[in-house]
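*Asks:* Mind looking over this structure? Questions follow.
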């Protein structure tokens, strides 16, 4: 929904069969594909073939929100990420997909069109799985250590300030958000990021300047602005649904902000 409110043409949701009707009932604007047979390994290959036919029609892929912990769903997600990488799609990994990267870092290692969006606890898990304790003990920036361990994906370390790293260094987005981070805010960031990872390289042309990092900056700016506006209206009662409704207003408010290290 955040991708649609930002301005993408179509938003597809690929999900487990039992989730299809609830998601479709959430909004008629979502195109729902209930392909996944949770707990049924025998359906794995048929699902992968369906996804293989769909991926060339997409401009980016967001993996992770609502994925859950079912082993077969994880296996499907891993194979779909591999397919998307073969087709050079931008891939945003959020939520439960961060745990998948902890176990299968080779899925994104060395892939510059992937973006990881860990929150505080997910970032700690990534560090514990992928960075040697001796390196952490030396006092180097954990975000840089994690980037070095994965060697390609852009990483957004979400927090009081959003810190974003790519091969050219770290940029901080410190635009005022809200004093409360409500549930679902990370999903809004992932959805808008899916759109910006397509838009930014398109706008920049043949020689884009740090396109995944610029996309991450844009998504962080819009998400923080949504959060600030929602808190101004509802205080601590703010919800992610309110934030999604404010995406168009936030985008307009962010249009005049310059991208760069001072965000």
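Yeah, the Cβs are placed from backbone N, Cα and C, and that goes for glycine too.
Quick paste from TrEMBL:
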type	residues	note
DOMAIN	1-254	domain 'YjeF C-terminal'
BINDING	66, 119, 120, 121, 122, 123, 124, 125, 187	(6S)-NADPHX binding site
BINDING	158-162, 177-186	ATP binding site
*Asks:* By a simple count of other Cβ atoms within 10 Å, which of 160, 182, the binding-site residues in the record, is least packed?
*Replies:* 160
*Asks:* Please state how far apart, in Å and to a whole number, the two most distant Cα atoms are among 66, 119, 120, 121, 122, 123, 124, 125, 187, the recorded (6S)-NADPHX-binding residues.
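*Replies:* Of all Cα pairs among the recorded (6S)-NADPHX binders, the widest measures 20 Å.
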*Asks:* Sequence order is fine: just name those binding-site residues in 158, 178, 180, 182 with a Cα within 10 angstroms of residue 120 ((6S)-NADPHX binding site).
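*Replies:* So far as Cα distances go, the binding-site residues lying within 10 Å of residue 120 ((6S)-NADPHX binding site) are 158.
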*Asks:* To the nearest whole angstrom, what is the C-alpha distance linking residue 122 ((6S)-NADPHX binding site) and residue 158 (ATP binding site)?
*Replies:* 10
*Asks:* To the nearest Å, how far is the Cα of residue 124 ((6S)-NADPHX binding site) from the Cα of residue 158 (ATP binding site)?
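*Replies:* Here the two Cα atoms are 12 Å apart.
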*Asks:* Work through the binding-site residues one by one (66, 184, 186) and point out the residue whose CB has the fewest other CB atoms within 10 angstroms.
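*Replies:* Lowest Cβ count within 10 Å among the binding-site residues (66, 184, 186) is 66.
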*Asks:* Fill in the CA-CA distance, residue 66 ((6S)-NADPHX binding site) to residue 178 (ATP binding site), as an integer in Å.
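*Replies:* The separation of the Cα atoms works out to 24 Å.
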*Asks:* List every residue in the same chain as residue 178 (ATP binding site), at least 6 positions away in sequence, whose Cβ is under 8 Å from its Cβ.
*Replies:* 227, 228, 230, 231, 238
*Asks:* Once near-sequence residues are set aside, which residues in the chain of residue 162 (ATP binding site), 6 or more away, have Cβ atoms under 8 Å from its Cβ?
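*Replies:* Same-chain residues close to residue 162 (ATP binding site) (Cβ under 8 Å, separated by 6 or more) are 156, 172, 173, 174, 220, 224.
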*Asks:* Could you please provide the mean pLDDT value for the domain 'YjeF C-terminal' (1-254)?
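*Replies:* Summing pLDDT over the domain 'YjeF C-terminal' (1-254) and dividing by its length gives 94.
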*Asks:* Per 10 Å Cβ neighbour count, which of the binding-site residues 124, 158, 180 ranks highest?
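*Replies:* Its Cβ has the most other Cβ atoms within 10 Å: 158.
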